[in-house]
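Novice: Sharing the features that Swiss-Prot gives for it:
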- 8, 9, 39, 91: divalent metal cation binding site (BINDING)
């Protein structure tokens, strides 16, 4: 099996290194990732300048582009073989609820799925994760991904991926299939004056989770709920954002 690994934290991030080490027993693992952090780039592609892939080690490449660029290049001519699976991560921080709209980790996985291959996005969720700088900090999460793939990925419809969030806890309680939760409105921007007297702003402080159960038949909980209670969250998400439930009503009202 040929496995492509990408991320949005950059090619030298400890999460992607741990993931590559864990998956090597499953086949050939190729890492193609941004040369520096590209968090929040979603599925963006670079169209205004050339991309420059540089091989920095055996089966490890750095690209001066976005996470989706890395996957697009890898599956459209950078290599003379095809990949069987795309894994994006392990992200340094959660991608829960509305986070998936912005996530470069998720964007890279979606790009792989657009190329007709199974794809999963993996994130490590916890308050201390941003300070982790060694691949051993991601070892438990990486092993979970290895075991998940080894068991055989459940089949998903076209244009769907798995968004997986693994809580940063000493002992995982198990795995839950979840729906995508949502956050409250993002926290306000913060502003200050820089040393040159210019007003500058910071954005990106995520809002808290909203308790908003979806109307589904079973007792499936949100991704937020699973992670908060020590479970790995596995959420099937799709590219098609059409609201089919209101299509006919909307057509009737505008027709």
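Quick reminder: no glycine exception, Cβ is built from N, Cα and C everywhere.
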Novice: Under a criterion of Cβ-Cβ distance under 8 Å and sequence separation of at least 6, what residues of the same chain contact residue 39 (divalent metal cation binding site)?
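Specialist: Correct list: 8, 9, 103, 104.
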Novice: I'd like the number of other C-beta atoms within 10 A of the C-beta of residue 91 (divalent metal cation binding site), please.
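Specialist: So the number of other Cβ atoms within 10 Å of residue 91 (divalent metal cation binding site) is 31.
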Novice: Where's the emptiest Cβ shell within 10 Å among the binding-site residues 8, 9?
Specialist: 9
Novice: For residue 91 (divalent metal cation binding site), what is the secondary structure state per DSSP, taken as helix, strand or coil?
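Specialist: The residue in question, residue 91 (divalent metal cation binding site), is strand (DSSP, three-state).
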Novice: Relative to the mean position of the Cβ atoms of 8, 9, 39, 91, the recorded divalent metal cation site, which additional same-chain residues have Cβ within 8 Å?
Specialist: 7, 10, 13, 37, 38, 67, 92, 93, 103, 104, 105
